[in-house]
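A.B. asks: Annotations per TrEMBL:
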ACT_SITE  D376  active site, proton acceptor
ACT_SITE  Y461  active site, schiff-base intermediate with substrate
DOMAIN    62-143  domain 'Copper amine oxidase N2-terminal'
DOMAIN    161-257  domain 'Copper amine oxidase N3-terminal'
DOMAIN    305-706  domain 'Copper amine oxidase catalytic'
MOD_RES   Y461  2',4',5'-topaquinone
REGION    291-310  region 'Disordered'
SIGNAL    1-19  signal peptide
Amino acid sequence: MHMKTVLILLVLALATIFALVCVLLTRGRAPSTCQHQPPEQEDPDDGQSLVFADLTPEELAQVVRYLQGNLGVQLVDASRAKPSDNCIASVDVQVPAKAEVLRFLDGGGARPRREALAVLYFGNQPDPNVTEYVVGPLPTPVYHRDVTVQKYGGKVPYHRRPVTGKEYVDINALIQRELRKAPRFLAACCESDGTDLAILTTAPRGFKSGDRVTWFVLFRGVAGTGYYLSPVGLEVLVEHGDLHVSRWRLRKVFYNGQYFASTGDLEHAFESNLLEVVRIEKPQAEAVLGSMRPRRPPGTPGPLQYEPQGPRYSVRNNRVTFQGWSIAFGMNPNTGPRLFDIRLRGERIVYELSLQEALALYGSNCPGGMSTRYFDGSFGIGRFAYELVRGLDCPYTATYVDRHYLVESETPKTNQNSLCIFEHDAALPLRRHFSDSHSFYYGGLRKNTLVIRAVSTLINYDYIWDFMFHGSGAVEVRVHATGYISSSFLHGRGTDYGNRVGPHTLGTMHLHHIHYKVDLDVDGQLNSLETQDMEYELVKDPWSMQHTIERPYLRRERLEREGEAAFLLNTPMPRYLSFTSSKPNKWGHLRSYRVQIVSFAGEHLPHSSPMERSISWGRYQLAVTQRKEEEPTSTSVYNQNDPWTPTVVFADFIDNETITNEDLVAWITVGFLHVPHAEDVPNTVTVGNGVGFFLRPYNYFDEDPSVNSPDSVYFSGEQDAGACGANLLACLPPAAACAPRLPPFRYGGFLNL
């Protein structure tokens, strides 16, 4: 045989052997089901959701450049601005009017102009004030208009502005100078010269409009641990309202139950043996109260949630879709997470779902603790939503999204990976039934939920904000509180206001109240409010007239006015309260969505308090009002520093207008009373500290919409339940071999601190 022919046959034989080996090697491996399957695109991504999108870093920078060149005043970067300077406080998206947006989304109208809302502090003016401008159109602005008077009925006084980081720096410098006047006292009480003490602000700041006088509480600061559990008993009152920092003064000193006019007087009392000093030794880092350092070596890894074929949801720009759901998401730097245009099967259910405010109100027998009412929106709920820790804050394989903001700076900043989106297996059936009579079968559906989550760290507390979308058509909103408790120095009758949780630490009682705006559009914009509850009626038995029976019946009521739909906190309200459309479902009932609240709120501030109107939203567990463009939020960042003359008063929204066939908004308050205890050290746990509400379909559909889920399981007694063709769960063993390649763990959350 010719040598060339032999070589050709040999090559063919080797190729055949190679092909057979490849076939044999692939036998028994996970099938092609391990390949990533992109989620089914339920509707085209046409970019409509961008009408709600947060501003990009490029847009933020363009607005800053425009303001610098077109206001005719000198602007100083807010990160170094003195109170007597002009500066840009913040820039955020200006969401267009709802009517304009709906014409674009639903009526084929023009895309609304993209605009920004810029907040400026004008300290270098004869009449210092806070001014808000709408700037547009983006991306290349050519105009600005002052909307302050339109929004608030007048100029915003300068003293109402939130405290900036630079102002805190200057206050800390003042306190350090004052502490140097009491060296012997500090050495005796705290083994300190004052420079290693942490200083914590309180709020509000004074007793009347125009005040800017703040108590600051001093704690032992140990690197790597939370100082909030280590008060040293020293608190100082600083007056910092003057435009000139040199005129700021320390007005009062408190230590261990006694008040002094100055740190010099404190030092004199110490030297004269007129002061009871509690010596607090400097602890080692590993022994400090509240240390979160691990006490045991790592164990074996816990369960890991992953998607065998990749995520079943889709995230494009600011929009996420999942099994019929469609949600536009964003983050307000002040008020935090905000969702828009929530649809199921293409039908809008909620136009806006947004966090409004988080209140923490404390009690104590120390001045800082007893006067604290934190309105967290004024500090920045969205701004302080930092990077999430993969595998702990959210599932390791969740989708992580960056958020951009511009606050107290002329340069945009990014909190990378600060919002996460994932599908959550609750390890609980959404519904199920095992039939053991007439016929034998099993049917059920896992409770898989789409979750949008962010976590805000507001000084000591960490709030976990969850927005969850269920296959049943329900929307669940939930907040958990964790992080460190705030504390006071234990003295006198301190335990009247909390529990002792350390050698000198009083865990101070407080309440957390959270407020949300829910603009429901149930089968259209025009809705009414209907309640249902049960009562008993005593009737004679039709088949035995000498006997009676207590028969429950359904009491239905249509609420006509806003006053009827304002339900005070901690008072009974109807168990079923629904936003109804005027259109019936297949069975003749009005299509509706029910509001169901889960809350353990504390008591609202008494109406007699001079600052109650600033948080008057907290009067109500639920209030339903007509939607108005001039009532976009229930509070204002300016309320914190002037709660005595609040810029926005929610109670004024309730003016008894009709709520029949109107565009309605539900304003919902949830919360809980927290009395700290030993188990709150080192941190408050999320177990039992979660509250929220549901929006549940109520005759909105003709049947449970989850019947269309591809995850449904059904098999009968005559079927082989172990066959993949008969039972979806039998297909899981090969799918379980599709373990994902996890991305390497990285974290950059400390970059913007």
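In case you wondered, yes, glycine gets a Cβ from its N, Cα and C as well.
What's the neighbourhood like for each of these?
C.D. replies: Every protein chain considered, the tally of other Cβ atoms within 10 Å of the Cβ of D376 (active site, proton acceptor) stands at 25.
Same-chain residues at least 6 positions away in sequence with a Cβ under 8 Å from that of Y461 (active site, schiff-base intermediate with substrate) are, in sequence order, A360, A481, T482, G483, Y484, S486, H512, T684.
For the domain 'Copper amine oxidase N2-terminal' (62-143), the model gives a mean pLDDT of 97.
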A.B. asks: By DSSP, how many residues in the region 'Disordered' (291-310) are helix, how many strand, and how many coil?
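C.D. replies: The breakdown for the region 'Disordered' (291-310) reads 0 helix, 0 strand, 20 coil.
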A.B. asks: Provide the three-state DSSP residue tally for the domain 'Copper amine oxidase N2-terminal' (62-143): helix first, then strand, then coil.
C.D. replies: 18 helix, 26 strand, 38 coil
A.B. asks: DSSP on the domain 'Copper amine oxidase N3-terminal' (161-257): how many residues come out helix, how many strand, how many coil?
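C.D. replies: The breakdown for the domain 'Copper amine oxidase N3-terminal' (161-257) reads 29 helix, 29 strand, 39 coil.
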